[in-house]
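K.L.:
Before I ask anything, here is the structure I am working with.
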Amino acid sequence: MEYNNQTSTDFFLSGLFPPSRIGLIFFIVIVLIFLMALFGNLSMIILILVDTHLHTPMYYLLSQLSLMDLNYISTIVPKMAFDYLSGNKTISFIGCGVQSFFFLTLAGGEGLLLASMAYDRYVAICFPLHYPIHMNKRICALMIIGSWIMGSINSCAHTVYALHIPYCRSRTINHFFCDVPAMLTLACMDTWVYEYTVFVSTTLLIVFPFIGIACSYGRVLFSICHMQSTEGRKKAYSTCSTHLTVVTFYYAPFAYTYLRPRSLRSPTEDKALAVFYTILTPMLNPIIYSLRNREVIGALRRLIQKMCSIKM
């Protein structure tokens, strides 16, 4: 079998939408979701930055989640939109590697960050008196830095591997972005070793954090049931249900996609599931955390009042 491993050879992305009226409708919906995600995440970052009432570990973590989501969706959608509008679905070899690197960095980092947010809520609800000790600004900063570093290391390993294997003459990636497992279907070599590393890294960055989140929230729900304050119980339930909603939307499709063996994977199904964790989740996170959080709504009102008073 002939192959070409020259780094100057482009890849071709099959895309997400068919060139039809229905495809155009879906494209417009995705663009609207992208704009909502940009506005929502930027608003959360600015709100947490300017309002001193939100300068707590919980909201520092939330601001990082918004930053990751902002970069996450910006890594995928603009290129996909350009391909659809221009009809040119090529992406350079290096460009594919860059997109893959940022996608994997943000994906792994967000998985670890969500686990850090679960730990924050666990300490706040189960050990409120010890919260300033177990969850101070220093620990919060270490969690944030650790999420970025671990995500980058994992991403670098996968991307370097993908860029150093021989690819066959067919260069069409059956996906709407450079997803490494989709790229490896074009490889001119047996990639079972890499598939095993995908399973291991997904387990470390997705499955283990999810198990940690499930255990922490099990303990949180147990503590909530023994709360005497009705108001405190409602607030705790609201916070936990919000985070669990985000976790479900992110972890479930991601884990289902990457833990399946190649024989059970379908490109169409993979693309549909990828929409959840690359496009929908970055848009839903700021909505879920703002609409169901009284402190965020209060901060937004204060900011609006301050802006109105300045104008007058």
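Backbone N, Cα and C atoms are what each Cβ position is placed from, and that goes for glycine too.
Features from TrEMBL:
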type: DOMAIN; residues: 40-289; note: domain 'G-protein coupled receptors family 1 profile'
type: TRANSMEM; residues: 22-50; note: transmembrane segment
type: TRANSMEM; residues: 57-77; note: transmembrane segment
type: TRANSMEM; residues: 97-119; note: transmembrane segment
type: TRANSMEM; residues: 139-161; note: transmembrane segment
type: TRANSMEM; residues: 193-215; note: transmembrane segment
type: TRANSMEM; residues: 236-252; note: transmembrane segment
type: TRANSMEM; residues: 272-291; note: transmembrane segment
K.L.:
Have the transmembrane segment (193-215) and the transmembrane segment (57-77) got at least three CB pairs under 8 Å, pairs 6 or more apart in sequence?
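P.N.:
Answer no: the transmembrane segment (193-215) and the transmembrane segment (57-77) share fewer than 3 Cβ pairs below 8 Å.
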K.L.:
Take the transmembrane segment (57-77) and find every residue of the same chain, 6 or more past its ends, with a Cβ under 8 Å from one of its Cβ atoms.
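P.N.:
Result: 30-31, 34, 37-38, 40-42, 44-45, 48-49, 99, 102-103, 106-107, 109-110, 113-114, 116-117, 120-121, 124, 135-137, 139-141, 143-144, 147, 176-177, 278-279, 281-283, 285-286, 289, 295.
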K.L.:
Tell me, roughly as an integer, the mean pLDDT over the domain 'G-protein coupled receptors family 1 profile' (40-289).
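P.N.:
Summing pLDDT over the domain 'G-protein coupled receptors family 1 profile' (40-289) and dividing by its length gives 87.
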K.L.:
The transmembrane segment (22-50) and the transmembrane segment (236-252): do they have three or more Cβ pairs under 8 Å, with pairs 6 or more apart in sequence?
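P.N.:
No; fewer than 3 Cβ pairs under 8 Å.
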K.L.:
Do any residues of this chain, six or more beyond the ends of the transmembrane segment (97-119), have a C-beta under 8 angstroms from a C-beta of it, and if so which?
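P.N.:
For the transmembrane segment (97-119), the nonlocal Cβ contacts are 58, 61-62, 64-65, 68-69, 71-72, 75-76, 79, 91, 135, 143-144, 146-148, 150-152, 154-156, 158-159, 162-163, 177-180, 183, 201, 205-206, 209-210, 212-213, 216-217, 243, 246-247, 250-251, 254, 277-278.
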